[in-house]
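Remarks on the structure that follows.
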Amino acid sequence: MANVAKKVSWSGRDRDDEEEDGQAGETTPLLNGTGPAAAGGRQLTPSSFLRIGQLSNVDLNEDVRELETELPRQHPNEIPHNEKLLSLKYESLDYDNSENQLFLEEERRINHAAFRTVEIKRWVICAMIGIFTGLVACFIDIVVENLAGLKYRVVKGNIDKFTEKGGLSFSLLLWATLNASVVMVGSVIVAFIEPVAAGSGIPQIKCYLNGVKIPHVVRLKTLVIKVCGVILSVVGGLAVGKEGPMIHSGAVIAAGISQGRSTSLKRDFKIFEYFRRDTEKRDFVSAGAAAGVSAAFGAPVGGVLFSLEEGASFWNQFLTWRIFFASMISTFTLNSVLSVYHGNAWDLSSPGLINFGRFDTEKMGYTIQEIPIFIFMGVVGGILGALFNALNYWLTMFRIRYIHRPCLQVVEAMLVAAVTATVGFVMIYCSRDCQPIQGSTVAYPLQLFCADGEYNSMATAFFNTPEKSVVNLFHDPPGSYNPMTLGMFTLMYFFLACWTYGLTVSAGVFIPSLLIGAAWGRLFGISLSYLTKGSIWADPGKYALMGAAAQLGGIVRMTLSLTVIMMEATGNVTYGFPIMLVLMTAKIVGDYFVEGLYDMHIQLQSVPFLHWEAPVTSHSLTAREVMSTPVTCLRRIERVGTVVDILSDTSSNHNGFPVVESNPDTTQVAGLRGLILRSQLIVLLKHKVFVERANLSLVQRRLKLKDFRDAYPRFPPIQSIHVSQDERECMIDLSEFMNPSPYTVPQEASLPRVFKLFRALGLRHLVVVDNRNEVVGMVTRKDLARYRLGKEGLEELSLAQT
């Protein structure tokens with residue numbers, strides 16, 4: 001136990017550092033009240049692990065109030081935040097079916113034909129997920145194209161007018177005001193209506209698929225805000241892409257369709273009722289995430305691999321085929337609708353929201369001597385990605401502490417929008433990089449101070465949607481950009497994208513990362529062609545592609561899926577090997593310094609996320625040391641009043657209760673008989689499934705599994721269920737509703753063994769028993785997620801009511 005790290009203070013530093021600071025140690029309370037002010041300064045000993053239930057549950061709100069009374073001047077608006085905390089506000093999802101009598105009776109009644117019908121319904125749902133995700137992607141694309149086109153035409157007309165007669169500051173003001181006002185609307189709807197719609201949504205979906213219940217993450221309202229928010233943030237000219245949020249949108253669509261009803265609209269279509277449980281919903285959400293990737297990049301295989309690599313913690317082979325089907329349908333729907341919209345109905349030339357365009361392999365093959373160059377680019381991408389993540393980490397910490405009020409978040413988003421426009425304008429204004437208009441494919445050529453028939457090259461990068469800028473950097477002929485232009489653009493856009501990720505707007509990080517990488521990759525290619533006296537193989541477009549892959553890999557650390565997405569989006573298998581090399585190198589180099597962006601944000605939100613394996617050095621810990629005690633058990637036939645009191649007790653707030661067989665006359669607890677969930681007990685109380693006296697077996701309306709499914713997923717709180725004084729004296733028989741065969745582990749089992757069982761089976765509760773099969777403790781997700789590998793070996797996080 002000696003290698004469990006020390007407890008940490010509010011400021012995120014170890015206690016030793018604090019005592020070196022002198023007075024800091026006297027005023028800052030440590031998490032468990034173990035600061036120097038606390039009598040005796042209690043140390044964490046192995047025996048105190050057994051009482052972990054009481055030891056680690058800290059109410060942060062009390063401590064915040066305490067802090068504010070002690071330090072009124074120093075931190076008036078600061079929310080103390082510590083990365084070494086684990087939040088108690090996140091509940092787990094039940095990925096393990098409760099095999100009670102009702103469930104088994106229903107399953108036994110279903111014959112082979114009924115099973116076939118269920119399977120067909122699964123395929124129908126996957127097709128619907130694909131169609132709706134494709135349609136949402138079309139809607140986003142068409143609206144963004146029209147609104148952004150309108151904005152750029154207005155600003156371009158204004159700039160052209162004022163270039164001739166002076167007064168360009170008006171153009172800057174117009175551009176900045178347009179950006180800030182559009183982003184303000186996008187930020188207001190996210191900050192005030194649905195905060196979970198902020199960002200790309202990938203970390204939230206990753207947590208959901210891992211088994212963590214993130215509030216509101218797959219609600220209809222979230223989808224509406226997400227779609228409107230991403231349109232407004234892209235039109236508002238922020239350094240964001242619309243591809244990341246498509247993954248979240250696909251997941252919400254999947255969760256909604258698979259349940260056959262909308263709780264937000266209070267409409268139940270009475271279809272797909274069999275799928276109203278967490279296990280089924282999770283599988284469809286994986287399909288939705290894959291369909292989102294597929295619609296974004298036109299990469300159905302990449303979508304399946306993304307869902308496998310980043311999303312799904314649980315996987316089976318039937319799922320792969322269904323998810324691939326949903327992805328294909330999604331791409332096809334988007335392709336068909338956009339082709340009709342662009343006026344060439346039979347052409348099917350828009351497979352995704354972003355199409356990188358075809359790379360001509362004959363002109364742009366690669367040779368064996370370029371492989372070390374690609375590896376070097378991977379190293380650069382890894383270092384730049386790690387720098388991006390580290391800067392974003394400190395920025396997010398600052399935001400959590402100080403910019404936590406919705407109005408401040410909106411102001412920050414407007415500020416970033418105005419600064420982005422100002423930086424773009426100043427860069428275009430100062431650039432003297434003029435290129436001939438003839439033969440170029442620039443959508444909005446700005447002449448500014450260039451001669452007639454020429455356009456400003458910096459404007460193609462800044463005065464455009466990021467997707468178009470990426471394609472330009474890939475395909476513009478050599479000589480279209482001045483190295484100085486590319487260098488300045490990379491530098492500025494890097495910091496803008498870093499500042500933008502984490503704002504309270506719906507936005508993805510995929511496209512900004514690709515754009516930064518494409519810019520420095522093209523610069524690298526131009527430098528190479530200077531060095532090699534214009535060799536045919538040193539084509540800047542090819543290096544722009546590798547740079548884009550390196551930068552994105554360095555930031556998000558995806559390997560397999562990203563290789564396939566890049567290959568599918570460019571329609572070119574030739575570059576598969578170099579892209580894979582670049583991504584592997586970027587991941588290895590980036591991981592050496594700091595975590596990937598999504599994992600970092602999951603950690604900053606204090607989510608109890610379970611990785612694939614237990615921490616490497618955790619074999620010294622056993623189930624006895626990690627479990628929560630004491631456990632609240634119920635008897636098989638229990639008084640209704642006892643059940644109501646246990647559920648109403650806010651201090652424990654347990655969600656699973658072991659059911660034991662015990663004699664009411666003795667205090668001795670007998671062996672474990674089953675496990676019943678809070679949600680099941682609430683349904684029983686709501687339907688008043690009571691027996692009047694202990695010895696009388698009253699015939700009442702039998703509950704069916706349908707009653708539990710109808711209450712899913714928003715079970716009523718215990719406070720909303722009225723139980724009269726007479727009813728409190730009745731008994732309740734749990735035999736047919738409890739799960740009679742819950743998973744258990746002996747208290748001597750090692751932590752990695754417990755972790756593997758819990759993680760692989762997607763459990764929510766794991767009962768710890770002694771050699772007489774008596775309940776001694778309970779292992780939940782938070783007990784396992786609390787241990788992680790830190791810089792000084794195995795460290796234990798504290799649990800807090802954040």
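Any Cβ shown, glycine's included, is placed from N, Cα and C.
Listed in TrEMBL:
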- 1-43: region 'Disordered' (REGION)
- 123-144: transmembrane segment (TRANSMEM)
- 172-193: transmembrane segment (TRANSMEM)
- 223-240: transmembrane segment (TRANSMEM)
- 284-306: transmembrane segment (TRANSMEM)
- 318-341: transmembrane segment (TRANSMEM)
- 373-395: transmembrane segment (TRANSMEM)
- 410-430: transmembrane segment (TRANSMEM)
- 484-503: transmembrane segment (TRANSMEM)
- 509-531: transmembrane segment (TRANSMEM)
- 543-567: transmembrane segment (TRANSMEM)
- 573-594: transmembrane segment (TRANSMEM)
- 738-796: domain 'CBS' (DOMAIN)
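When each of 123-144, 223-240, 373-395, 543-567, 573-594 is checked for Cβ pairs under 8 Å to the transmembrane segment (410-430), 223-240 comes out on top. Confidence across the domain 'CBS' (738-796), taken as the mean pLDDT and rounded to a whole number, stands at 89. Long-range contacts of the transmembrane segment (543-567) within its own chain (CB-CB distance under 8 A, at least 6 residues past either end) are made by residues 293, 297, 299, 301-302, 305-306, 308-310, 356, 359, 374, 377-378, 380-386, 388-389, 470, 473-474, 509-510, 513-522, 524-525, 528, 573, 575-576, 578-580, 582-587, 589-591, 595-599. Between the transmembrane segment (318-341) and the transmembrane segment (123-144), the number of CB pairs under 8 angstroms, six or more residues apart, is three or more, so the stretches are in contact. Same-chain residues lying 6+ beyond the ends of the transmembrane segment (573-594) with a Cβ under 8 Å from its Cβ atoms: 359, 361, 365-366, 370-371, 374-375, 377-379, 381-383, 385-386, 389-390, 393, 542, 545-546, 549-551, 553-555, 557-559, 562-563, 566-567, 600.
Same-chain residues lying 6 or more positions outside the transmembrane segment (284-306) and placing a CB less than 8 Å from one of its CB atoms are 125-126, 129-130, 133-134, 136-137, 205, 208-209, 218, 242-244, 246-255, 257-258, 275, 312, 319-320, 322-324, 326-331, 333-335, 350-355, 510, 558, 560-562, 564-565, 567-569. Using a cut-off of 8 Å between Cβ atoms, the transmembrane segment (509-531) and the transmembrane segment (373-395) share at least three residue pairs, counting only pairs 6 or more apart in sequence. Within the chain carrying the transmembrane segment (373-395), a Cβ under 8 angstroms from the stretch's Cβ atoms is held by residues 366, 494-495, 497-499, 501-502, 513, 516-517, 520-521, 524, 528, 543, 546-547, 549-555, 557, 578, 581-590, 592-597, 600, 604, all 6 or more beyond its ends. Below 8 A, the CB atoms of the transmembrane segment (123-144) and the transmembrane segment (223-240) form 3+ pairs separated by six or more positions in the chain.
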